[in-house]
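As written in Swiss-Prot, here are the features:
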TOPO_DOM  1-7  topological domain 'Lumenal'
TOPO_DOM  29-262  topological domain 'Cytoplasmic'
MOTIF     44-48  motif 'GXSXG'
BINDING   44, 46, 47, 48, 69, 73, 95  NADPH binding site
ACT_SITE  172  active site, proton donor
ACT_SITE  186  active site, proton acceptor
BINDING   186, 190  NADP(+) binding site
ACT_SITE  190  active site, lowers pKa of active site Tyr
TOPO_DOM  308-331  topological domain 'Cytoplasmic'
């Protein structure tokens, strides 16, 4: 009995010691990002998650600007927000691939306190079937476009004085945490945001700017409906292991994470497991979450291997079935 008590006491002391150490070393510290009376600028804000985030920001008293390519969709988004809240938002039409156009829109909108880089495009195909133009399109919009938006906004965001902590958020995807069949180019464009966010946080933390990386799962947006029709069958089978969520649910979780100044924001348990499995050198502002990563990282790696085993078994069965169907047609 004494041995069991000693082991238990050692475990408790170990956890307490680890918590004390982590409370000193986790960086950057989490802060609360104020929203009321502040300027929130959202790219890809005319539909889907971006529009839902705009609704939330307006409802919490922010001055909101949204940017997208389509003037028609921007007008619809502006009307929907005004009907729901009675507040008028500013709209800007620009292609994020065009740095000059983005820079002009951001300059016209005024100094930004909370920047949400949300634009994204997806063309689901195996790489062999994807054209170089399609690959370039996704990389240019999802990754290069994010660089353009942030670079254009940074000078004024850094020049802010006495306005409290600021935020730059990038909307990635669970495909930016784990590569998925049929998402070759898309995953590459979203994985790139991880490196962008990690390095950017180091560059802007001394200016009081906190970076947040958002990892939504499949979300029932208009774009997702089109994606389901076009993406490979095997992609849908594998992606189903994570499940999907409603747009407003995702927007609430993401917006709460932005306000809490978190670096990594996930939307459900599978996403949380993926965040720990892929955390690498990501900053962690919460010593409680840091403790979870340290204590359970190995077990979560085991869980990720189980997922990989399931995915590869699925690919193997699907491939064998397809070969049989092809052979039967040729016979």
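Glycine residues also receive a Cβ, built from the backbone N, Cα and C atoms like all the rest.
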Q. Cα-Cα separation of residue 95 (NADPH binding site) and residue 190 (NADP(+) binding site), in Å?
A. 18
Q) Within the chain of residue 69 (NADPH binding site), which residues six or more apart in sequence place their C-beta under 8 angstroms from its C-beta? A) 93, 94, 95
Q | Cβ packing number for residue 190 (NADP(+) binding site), 10 Å threshold | A | 26
Q) For NADPH, with binders 44, 46, 47, 48, 69, 73, 95, what's the maximum Cα separation in whole Å? A) 17
Q.
Measuring Cα to Cα, how far is residue 73 (NADPH binding site) from residue 172 (active site, proton donor) in Å?
A. 22
Q.
Over the span of the topological domain 'Lumenal' (1-7), how high is the average pLDDT in this prediction?
A. 73
**Q.** For residue 44 (NADPH binding site), nearby residues of its own chain (Cβ under 8 Å, 6 or more apart in sequence)
**A.** 50, 67, 68, 118, 119, 120, 171
Q) Could you tell me the C-alpha distance between residue 190 (NADP(+) binding site) and the residue listed as 'active site, proton donor' in angstrom, no decimals? A) 5
Q: Tell me the residue counts in helix, strand and coil for the motif 'GXSXG' (44-48), as DSSP assigns them.
A: 1 helix, 0 strand, 4 coil
Q.
Neighbour count, 10 Å Cβ-Cβ cut-off, for residue 172 (active site, proton donor): what number do you get?
A. 26
Q | DSSP three-state assignment (helix, strand or coil) for residue 95 (NADPH binding site) | A | coil
Q) Counting Cβ atoms within 10 Å across all protein chains shown, which of the binding-site residues 46, 47 comes out on top? A) 46
Q. Other than its own, how many Cβ atoms are within 10 Å of the Cβ belonging to residue 73 (NADPH binding site)?
A. 18
Q | Nonlocal residues around residue 48 (NADPH binding site), in sequence order (Cβ under 8 Å, 6 or more apart) | A | 219, 221, 222, 223, 224, 247
Q.
Of 46, 47, 186, which is closest to residue 172 (active site, proton donor) if I measure between C-alpha atoms? They're all recorded positions.
A. 186
